[in-house]
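Report on the following structure.
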Amino acid sequence: KEREKEREKEREKEREKEREKEREKEREKEREKELEKDKESPDILIPKKKKLIIRKADPTPEPVLPIQSTINSYENKLKEMPRYNETFIEVLERLASLMSKKGDYIRSRIYTKAQDTMRSLTEDITSIDQLNGKPNIGPTIKEKLKEYLETGTLQIFEREKGKPEYILSEIYGVGPKKAKDLVEKGITSIAQLRERQDELLNDVQIAGLKYYEDILERIPRSEIDKYDAIFKEEFDKLSSADSQYEIVGSYRRGAHTSGDIDVIITTSDPTVFTRFIDALIEKEVILEVLSRGKTKCLVITKLRGEKFARRVDFMNTSAEEYPFAVLYFTGSKTFNTVMRGHALKMGLSLNEHGLYKKLPGKDKEEKIATVFKDERDIFDHLQLEYKDPVDRIDARSVVVKNGAILPTAKPIFLKKPNDKTLKVREPKQNKSAKKEKIIKEVKVRKTRKNKKDNDTILPLNSAVEQKPVPEKKIEKEQVEIVPVVPLETRTIAKIELKKTKKLKEPKQNKTLRNKEDKVKDIKFKKEKPVKIVKMTSKADAKKQIKLFKEKGISVLQDLSEQQITTFIIVANDAYYNSKIPLMTDNEYDIVREHAEKKYPDNETIKQIGAPIEKNKVTLPYNMPSMDKIKPDTNALFNWMDKYKGPYVLSCKLDGVSGMYTTEGTNATEPKLYTRGDGKVGQDVTHVLRVLKLPLEPGYVVRGEFIIPKKVFDTKYKDTFANPRNLVSGIINSKTLDDKTKDLHFVAYEIIQPLLKPEEQMKKLAELNHEVVQNKTVTELSNELLSDTLINWRTNYEYEIDGIIVTDNNLHARRDGNPEYAFAFKMVISDQVAEAKVVDVIWNASKSGYLKPRVQIEPIRLGGITIEFATGFNGSFIETNKIGVGAVIQIVRSGDVIPHIKSVTTPAEHAKMPNVKYHWTDTHVDIVLDNIGEDETVLEKNVTAFFTGLDVQGLSTGNVKRILKAGFNSVPKILKMTKIDFEGVEGFKTKMIEKVYTSIHEKVDNASLLEIMAASNLFGRGIGERKIKPILDVYPNILTTKESSEQKITMLKEIKGIGKENAKSFVDHIDGFLAFLKECGLEGKLSGKAVLQNTLTEEVTVNVDKSNPLFEKHIVMTKVRDQKIIDELKRVGGVLDDSIGKKTFVLIVKSKDDVSNKTKYANEHDIPIMTPDEFIAKYM
């Protein structure tokens, strides 16, 4: 702040100089004007050497500019007025975070958008009135900002921060959903959660809980300096000449404290990153590895002599991306936001990976070819003044090279510009045969032989090979233009001509007025047929389909191209030509999308539909399918760059697609077809007797055969799996029965005549067709489409599986799926998206509990690719039928692990574990039947034993290596010699000495209680906090001769030990005794079993009962002081988690803290102290 004040003073001096220059220029201009006037007045003689006389009658003229004293006075007032920009940003950021923790992602996004607006403002906000008219800041937000200025807080902050959900969600790895789940299970405090952590948390969450208090502490700059020295020393040992290393974040910006430490490295040797992390683990700087990959490693660290453990993120990037990563992760967030906005104005996209530009003819943005050696190169490319990290403060820090501050009052990154579109004229109809102006629509150009012309608009049953016609002949002949459904480009029609002999005439289309005119010198050519690969084994394909439904996407990854082709052919045939499909729609989509991605050139896979087996007919017009928009939050904007709107939204009906024609000869005898494979369909004209569609001649209409949801639920739900299967059966039936009366044909497109999509909908209504639900909009967003999809999916009378989005302009018809329209099938926004489940992966915990991890099709959410989400527990998977093909809503907020918000479409069957298992008594979790035989459980238990005893060098990585060497149990590892360790991969002399010494030192000094807790042999949820009170009351419970029933009864009388805990403890006594014997630790049974604990009121004989803290109950809130905790143990004090009448002192982090505990303390006259005050008075 001091540096900013100094810089502001310097800037003020420069501005004053500029203003003085401007005033001098103005005075000079005035003098020049006076001289010019004198020269232009010849009648006025200027007397020489005469004094200037000022008439007393004339009033003193007002100065043109304010006098200097006025300017100074005004500027001083400005200096005295507070700047609220940063305050408002902080309040909005806290509100967004709070809403996210509550699971209210819509309001969280609203506050985030308002925060983005505030970040983009370069002016000083000194009054809330200045926010009037600013985008994304409405009356409600302004009221909250006003409340904060008046009170220094918000009611919602005070109300929410005392709730258990809020406190629990601050644990690393615990999101709002998990926090709510914990509260529902009776967890209302950190202490309670610690007692049941093995039962309720995964490994990452347990680590987050273990270091909960430490992670909340800010890291002083001096401590990060120490980390910097250690990291750099280890990195230099491994790095080469091209390696680089940097601690980024607020530390690099000169902050006095930081929340965590972000480290970025780059090197040409891909093994350096792995060896660098291993070196820090070996050095015992890294305590816990939360996640580890090739490019990122999230850990918890602690330096010797330091009080707190810290969160550190290591990132490994390429030399090409290193400058961008350093720039991005240095911040500040506001600086980054405005800099990205500036890049967008230049037609570029800036992120932590590079600069990207949308190139002509390309669907995606591509990285620009420029090589950037450092941050300064990026600033230069964007024509910005380079700013040192300490100067990257806010929007005012982003300055273009000419010195002008960027105009970012309206944040351009929030919304795509709504560019105006050119009007496309509709083709004029021929009023008479005499007029030949239509020839102007024909473009004559030379083309290569056999070149395919995608822009030709012709009926599908007449393929054209165009041969040239002399130019004179074209002027005399009239070419027939056959308009079709509006599609791809905005040109109306083009027919290419080649200079060869005459061509055959096409069939005449009776919807045009000039019936006698014929196209001469044009020959029709059949399209090149699509080669369909023959099936190798239909039976094998069905087996593979069944296997895929059971085991997920991993089955597809093992199939060859021929096998997956046959797979799709068999599935298509069953889907389109039978009453019972082999897969659900979502399962089929997973297979198809996987195949298209893996084999993009396979024509069979691209083929839509299946060959018709009966009543075959070549469709008069092609019936293409719709491409689905990519599951990426940016995909919509990329499409909108090409198609400017307006846009027609309509329901994507989930029935059987059909075509109805009254064109030409069908005017008196209408025809009705199914879609088939898009080119060859089935003649189902007999169904018209029941449907009774409009008979207006000259129209070709596309629609959907479908049955209302209510009708299906009332009459057919018990007989048919879904409405689509019923409709397919009705259509394929040769006879008409009562079910046919419930069939509807809902129209959604006019193929003939040529109309814009919005005009088609209106015309269909005029013709008395039943028209699909639709609306026209001028702007699109993922949120709008998602809300519309949810609304229509819930309230529309028919089943739908998405929304069709169409550019409302004229487009030429082309082969293949249209680019001008797409299907929006899954909800997606900045933090919530729908995705299909491709697998459920079950992993065993150290207690043998199987925890589900749900694999989804990759989606881009908030700029991050997501492929997995936590599945909570077995009951959640089973109850919600989460399996292959299910559609789920994924939520991701900040760095919280993605989790399942809800299930949109259940699978046919939940995907449960393929190993033997049983349910817990509550039917919530699944447990392995043979826990001892599972390698994952073994590894986790061995790791937990040694980390629980704080053995140095035996974290997950080294334990894996030891197990791999054949020492696959705790007893075997305890009996290893130094020579045995030499056979373990990666173990050298120094590491062997450290691990061997630490194992024997820690185990020898461990108490029975510590060995029992570390062994994890007494059942889930029975750790040190449960075992301790048992040993306090019954120190010899392991060896006494009572029966199991008697011991259970004894243990149930102990406070905090319920029936389940008691039974689990007693049932596992024999197993633990066998473990001790195998380890050679039977001597622990005769040693002192009990360690001092703050939660017991029993004291040893050495305690000074005259100490003022003896048996006094102390509560700490938002702070954990180890010195005080140790002192309470020594003098017999009691550390409580919750405040009550027995509380002697409440210890707080700051006297400014306000919570339910401080309110209770004030109401009941309980002293409130900071740790320093408590130590000074009692210690």
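Each residue, glycine too, has its Cβ placed from N, Cα and C.
If you look up TrEMBL, you'll see 1-42 marked as compositional bias 'Basic and acidic residues'.
The domain 'DNA-directed DNA polymerase X' annotation in TrEMBL covers 83-393.
Each residue in the domain 'Helix-hairpin-helix DNA-binding motif class 1' (129-148) has a pLDDT score, and their mean in this model is 85. Here TrEMBL flags 129-148 (among others) as domain 'Helix-hairpin-helix DNA-binding motif class 1'.
If one looks beyond the domain 'Helix-hairpin-helix DNA-binding motif class 1' (166-185) by at least 6 residues along the same chain, the residues whose Cβ comes under 8 Å of a Cβ in the stretch are 98, 100-103, 160, 193, 200-202, 204-205, 207-209, 211-212, 215-216, 290, 311, 872, 891, 893, 896-897, 899, 901. For 166-185 (among others), the entry in TrEMBL reads domain 'Helix-hairpin-helix DNA-binding motif class 1'.
Summarising the annotation, TrEMBL assigns domain 'Helix-hairpin-helix DNA-binding motif class 1' to 979-998 (among others). In the domain 'Helix-hairpin-helix DNA-binding motif class 1' (979-998), the DSSP tally of helix, strand and coil residues is 14 helix, 0 strand, 6 coil.
According to TrEMBL, the domain 'Helix-hairpin-helix DNA-binding motif class 1' annotation covers 1049-1068 (among others).
What TrEMBL lists as region 'Disordered' is 1-43.
Sequence-distant contacts of the domain 'Helix-hairpin-helix DNA-binding motif class 1' (979-998) (same chain, six or more residues past either end, CB-CB distance under 8 Å): 278, 282, 951-954, 958, 961-962, 964-965, 967. Residues 195, 921, 1017-1022, 1026-1027, 1029-1030, 1033-1034, 1037, 1042 of the same chain lie 6+ residues outside the domain 'Helix-hairpin-helix DNA-binding motif class 1' (1049-1068) yet bring a C-beta within less than 8 angstroms of a C-beta in it. Within the domain 'Helix-hairpin-helix DNA-binding motif class 1' (129-148), the DSSP-based counts of helix, strand and coil residues read 13 helix, 0 strand, 7 coil.
DSSP states for the domain 'Helix-hairpin-helix DNA-binding motif class 1' (166-185), grouped as helix (H, G, I), strand (E, B) and coil, give 12 helix, 0 strand, 8 coil.
Mapped onto DSSP helix, strand and coil, the domain 'Helix-hairpin-helix DNA-binding motif class 1' (1049-1068) counts 13 helix, 0 strand, 7 coil.
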